[in-house]
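S.K.: Below is the structure I would like to discuss, written out as structure tokens.
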Amino acid sequence: MTSAATLNADSPQPVEQRTDVLVVGAGPVGLFAAFQAGVLGMSCVLVDALDRPGGQCTELYPEKPIYDIPALVSCTAQELVDRLMAQCAPFNYPILCGRRAETVETLENEHGRRFRVTTSAGDVFDCAAVLITAGNGAFTPQRVALPEAAALEGRHLHYAVRDTARFTGKRVVIAGGGDSALDWALALRKVAARVTLVHRREGFRAADASVAEMRAAVVAGEMDFVLGMLSRLDSTPDGTLIGAAIRGRDGETVLPCDELIALYGLVSEPGPIVNWGVEMRAGRITVETTAYETSRPGVFAAGDIALYPNKQKLILSGFHEVAMALRRAYRYANPDKTLVHTHSSNDAGLQTKLHVTAE
């Protein structure tokens with residue numbers, strides 16, 4: 001699961017693949033599920049609606065310290081994601097980012113039951129089991145709430161940066177006050193004609209070091225900061241963005257603008273999962289607690305999206321849930337085989353895959 005195995009929505013061709021298990025959600029629990037699938041000798045593919053693995057940990061609080069992961073006194077959320085990526089990298093399972101799982105169709109034949117899963121990017125998967133590790137649901141960006149914004153989306157208005165080259169030599173306005181907004185403002189100032197960061201208040205929800213670097217860059221004349229909110233977007237008759245109006249304490253200012261990047265954060269919603277025929281309660285999927293299987297046999301749920309009595313929303317709980325779920329999923333993928341438990345320290349085959357040797 002190196003970067004080479006991570007494909008985004010801009011990949012040229014949709015993927016068609018047969019796999020033992022499809023993991024929906026590439027946050028920490030989904031990444032550990034991939035590792036567990038590898039331990040069990042199962043084939044696996046992960047899909048995620050976000051443009052990179054890590055889920056909430058990467059998108060919402062990458063610098064947040066975590067203190068309750070076994071054997072780690074402390075680590076940041078991003079460090080945890082990086083460690084999980086490294087752990088499952090030897091299995092080289094593909095992570096398909098920027099695409100949302102849309103439909104789950106049951107396929108029945110003389111050989112048993114399988115599922116046909118399609119995504120928003122046109123991918124089609126034939127799998128023996130589906131494991132939903134979607135956290136609080138599919139994340140979507142908070143959009144610019146101006147009537148003229150919709151027509152500019154995808155052309156000059158962006159909610160993520162996928163290709164820095166398109167901003168080379170452009171006048172770029174970045175709206176937002178979190179880590180992503182500051183990180184991209186600092187990065188793009190090196191290639192854009194001019195970068196202006198716009199935020200509604202002086203305080204930021206970002207790492208102190210990033211805030212300090214941004215303020216130093218403003219003082220040095222490398223970029224601009226404007227206090228206020230987007231109030232209007234100006235464009236030519238053919239739909240080319242030319243300006244962004246900012247309303248601040250002293251009235252309205254129009255910034256010359258070729259490209260607008262709005263990084264207001266993400267909102268979560270169950271998304272298409274509500275149509276997958278699994279029992280849900282208060283936006284979460286109910287599961288039984290022997291294998292965390294949903295009301296639809298062969299479809300499992302783990303992590304924050306799973307609901308059962310005395311459920312604890314902890315990452316370590318999700319790790320346990322996927323370990324149990326995959327052992328039942330193994331039966332569906334290999335109905336003629338018996339899964340024999342082997343301790344990892346005695347599993348020579350696993351050690352070879354992980355490129356380690358027992359002492």
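From the backbone N, Cα and C atoms, a Cβ is placed for every residue, glycine too.
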S.K.: Going by Swiss-Prot, Asp48, Gln56, Tyr61, Ala101, Phe139, Ser345 bind FAD; tell me which of Asp20, Asp183, Asp208, Asp304 is listed for that site too.
M.R.: Asp304
S.K.: When the number of other CB atoms within 10 A of each residue's CB is tallied over all shown chains, which of the binding-site residues Tyr61, Phe139 has the maximum?
M.R.: Phe139
S.K.: Could you tell me which of these binding-site residues, Asp48, Asp304, has the greatest number of Cβ atoms within 10 Å of its own Cβ?
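M.R.: It comes out as Asp48.
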S.K.: How far apart, in Å, are the two Cα atoms that lie farthest from each other among Asp48, Gln56, Tyr61, Ala101, Phe139, Asp304, Ser345, the residues recorded as binding FAD?
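M.R.: Across Asp48, Gln56, Tyr61, Ala101, Phe139, Asp304, Ser345, the two farthest Cα atoms sit 38 Å apart.
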S.K.: Quick one: among the binding-site residues Gln56, Ser345, which has the most Cβ atoms sitting within 10 Å of its own Cβ?
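M.R.: Buried the deepest by this measure is Gln56.
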